[in-house]
Amino acid sequence: MSQMLHIEIPNFGNTVLGCLNEQRLLGLYCDVSIVVKGQAFKAHRAVLAASSLYFRDLFSGNSKSAFELPGSVPPACFQQILSFCYTGRLTMTASEQLVVMYTAGFLQIQHIVERGTDLMFKVSSPHCDSQTAVIEDAGSEPQSPCNQLQPAAAAAAPYVVSPSVPIPLLTRVKHEAMELPPAGPGLAPKRPLETGPRDGVAVAAGAAVAAGTAPLKLPRVSYYGVPSLATLIPGIQQMPYPQGERTSPGASSLPTTDSPTSYHNEEDEEDDEAYDTMVEEQYGQMYIKASGSYAVQEKPEPVPLESRSCVLIRRDLVALPASLISQIGYRCHPKLYSEGDPGEKLELVAGSGVYITRGQLMNCHLCAGVKHKVLLRRLLATFFDRNTLANSCGTGIRSSTSDPSRKPLDSRVLNAVKLYCQNFAPSFKESEMNVIAADMCTNARRVRKRWLPKIKSMLPEGVEMYRTVMGSAAASVPLDPEFPPAAAQVFEQRIYAERRGDAATIVALRTDAVNVDLSAAANPAFDAGEEVDGAGSVIQEVAAPEPLPADGQSPPQPFEQGGGGPSRPQTPAAAARRPEGTYAGTL
């Protein structure tokens, strides 16, 4: 048997893209020209099609060498986005955020739209007593021709967004918000900054305070993922940002096109979306363990969705950009045309009682542009996460092969979304809306069913048996395909609980080999006619771990295959009790 040799070049993809970018700047081997207001930009078809769904559809079946974009696209903005397609980096000033996001939404570049929305609307730090500033570890990110930054240029340039590069390992420095008396010539301040020597971080602000050249009151504001943001943006408004709402996890899985060739693009974008979620979870736990200045639990609990680390820029007052208003007119929510707080709650339709934040509604319009079908998908994904869509039948129209236990989506929210879309596009028929809503539910079930066998194969041995025996509701709750990332910890706790439990339960566990049938016939949540695809993405949502029984409780009865009710709660009231539900009453 011959020996296999393996060769792997680190950052090979970044190196190739860097070489392609150099060729683009020199005008070598370019096979397409994009004309923006009379200015031609040379590029490579393959790179543009891989980065933008708009260009992929534009190049499909068209062999022309020059294409012209609409006049609403600014040339300088397109040049920045074109550079992003080759380098994965985007540099812009705070005043250019909305224009860049609108242009990226028109070109259907998901990474810029999603990460740009994070920069504007998401808030992070759940701590109230102290805030933290984050300094990026320069040695944690691999260097390549397309991601090297000179220190002098980084100090003078605006902040840099890197949507396609995983979040680097962060080092934490604690800043106390307190009044410091002025230090005399030979006196040190009462309480200098804690510099965290174990992390190897040198804080220049500490020396400035000691020298008496910096303000004596430290700002209570946290910046996540942006290196020394307060120094990169001199005029930044340093003020705390209140806790806001998070956009539904399903919002990032929807396409920004309504063309027939990409009508089912939810599955095509699952890989990118799931990779972003895995990176966020992985590096979030690394960030907690790397904090040397704070006491951390040995086994940290899963971080709630609303308190995950994200990027906080500043509390800007936002409104729709003028370039978008010139195309769609005044068909949006009337309050979007004036500046306001992104966290402000707006009633979607007057008298409906359905509320959405200004930031979420602006995100939907920036991604949709003039396309009313994309706007409907974005709004539905904002109000309903993927689990809710997968467990429902859309608008109440059920086929004979569908599971009758699936209930329609919340009618109050659905009617408000339909009415808002009809105000935006009067020609948008309700039958078309019903088809789109049902299609979103079908796609959510297809993605979940595709990954069920893969998730099952990833489980530790015996987890299915423990899930059917441990817990009071084990007989009625099947194995959730969205297996939590902390499954190893939960499994270890259950083993510990079993060792402390009754001996009869242990005998029952080890003698009665109970197997859980996870096929489509045994699980009514999936259509029997749907096929399991081979390729796909990792499921993004995670289910909360089941609570462990108390020490004083008697062990539950063994699992009986004949018992149990429906696999999932189906009513809106029951869905409101679930921690993963996105809509419960007034938004």
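Placement of Cβ uses the backbone N, Cα and C atoms for every residue, glycine included.
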From the candidates LYS64, LYS429, LYS449, the one which Swiss-Prot records as SUMO2 cross-link: LYS429
SUMO2 cross-link per Swiss-Prot (candidates: LYS122, LYS217, LYS345): LYS217
Per Swiss-Prot, the candidate from LYS42, LYS174, LYS289 carrying the annotation SUMO2 cross-link: LYS174
Selected residue, Swiss-Prot feature SUMO2 cross-link, from candidates LYS190, LYS335, LYS456: LYS456
Record-annotated SUMO2 cross-link (source Swiss-Prot) among candidates LYS299, LYS407: LYS299
Within the domain 'BEN' (351-448), residues counted as helix, strand or coil by DSSP: 61 helix, 5 strand, 32 coil
